[in-house]
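Colleague: Features from TrEMBL:
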type     : residues : note
COMPBIAS : 48-59    : compositional bias 'Pro residues'
COMPBIAS : 60-75    : compositional bias 'Low complexity'
COMPBIAS : 76-85    : compositional bias 'Basic and acidic residues'
COMPBIAS : 88-98    : compositional bias 'Low complexity'
DOMAIN   : 287-438  : domain 'PROP1-like PPR'
REGION   : 1-100    : region 'Disordered'
REPEAT   : 294-328  : repeat 'PPR'
REPEAT   : 400-434  : repeat 'PPR'
Amino acid sequence: MARCSQAKPLCAAAPPRLSRRRRQLSMNATSPAISTSKSRWPALNKPAKPPPPPPPPLLSRPKLPVPTTTSTSTAAEKDRTKKPPPESASAQPSSSGAGDVLRLMDALGLRPDEELYISLLRDCADATEVAAVHAHVARRHARGAGPGGLPTPIANRVLLSYAACGDIGAARRVFDGMPARNAMAWATMVSAYSDGRLHRDAMRLFALMCRDARGLADDDGLAHATVAVLRSCARAGELHLGEQVQALVVKKGRVCGDIGSALVQLYCESGGLHKRARQVLAMMMRRHCQEPVPEAAWTSLITACHRDGLLDEATDVFRDMVSAGVPRSSFSLSSILAVFAESENQQHQGYCGRQVHADAIKRGVDTNQFVGSGLVHLYAKQGRLADAARAFAAIGGKPDAVCWNAMAMAYARGGRYREASRVMYQMKAAGMNPSEEMADAIRLACFR
């Protein structure tokens, strides 16, 4: 009973009992004077980490000018801050090799001579560089020699450089500014018009050249201009003017070389004028003509006869070509192989085709893609698939799509559809698509 009377009230909370470790931690926290080295718990007193290094000082930045007024800038300030316009190509030389050479010589006080200007113009790659050198030589010549135009060799070189770069307008301005035009200047300008597909201008300028007696003084210049204007006549369909040009060259006795080839090309492209082309070839083969007949003339006539279906006449032209001792290349051999492949004459397909193949091997052009494709067509037409496969395997490098299609069609026409399918898959693996004719032939064969 006495114990019950002396009991503490329920509202009085008893202090919590702390463990030994918690008491030690509380004592260390409340008594900083106690040395950590003498503590009974050395593991709890870890050494303090060194303070981090101070950040690097900020770099000094330039102070921006503080405007003294809040008004907008004046027109004069805007003009001062505006960038100057870039100088034109004619004001300063370009940053090419020609421009560097001219700037260096100007800095050293040296005067370029005529040969140096011609060499720099020959090395120019575009019309901008040509314009820079042209401006420099014009300025130098105006200071030293006075007015009167550029010297003729430099003017011809500038004209030729503009024409080679395709700037026909600048070339015509140089041509019009020449005080004395020789035959080479006329020929260069006519060739520039012809190469630029301005055939009417080329023919008109050639007519002006013929009226000028000085333009016909140089035979080489006349030959170049004649070849260019005949090429323009062929492309523009001006047969009447081409005949007048032929009369002029016959009068001059220049139906040889490139002029004769251009005349043959003119009559071959006009259609139905193979007899005239043969007459031009006969004139070129005369003894007084010192130059040999070019292969291009023979090949043009063979191709024209093949296009018009005159296969026997094309064969006769090739025989005349061989008899004349003209060296054959891949162009003429591939043309006659196409003729033999379409000919119904068994002698042309058999004996003549093998002779052409032997000639191609002798001259080392049997690996050419065009010659190889023609041989594959020829042997496939005869049904000699083994020879066609050997001709296809002899093609050097990577065969083109024409060769692949020719070989696959040879197998398909011979009834060997498995080999044709294999060639078609090999063609696709090589990155080329088969022709629709070949694909349709193989599909039809698979459903039979």
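Positions of Cβ are set from backbone N, Cα and C atoms, glycine also.
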Colleague: Against which stretches of its own chain does the repeat 'PPR' (294-328) lie, if we need a Cβ under 8 Å and a gap of at least six residues from its ends?
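Modeller: Residues 257-258, 260-261, 264-265, 268-269, 271-272, 274, 277-278, 280-281, 284-285, 335-336, 338-340, 342-343, 345, 348, 352, 359, 363 contact the repeat 'PPR' (294-328) from elsewhere in the chain.
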Colleague: Under the DSSP assignment, what numbers of helix, strand and coil residues are found in the repeat 'PPR' (294-328)?
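Modeller: The composition, in the requested order, is 26 helix, 0 strand, 9 coil.
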Colleague: Pull the DSSP breakdown for the repeat 'PPR' (400-434) and write it out as helix, strand, coil residue counts.
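Modeller: Breakdown, helix to coil: 26 helix, 0 strand, 9 coil.
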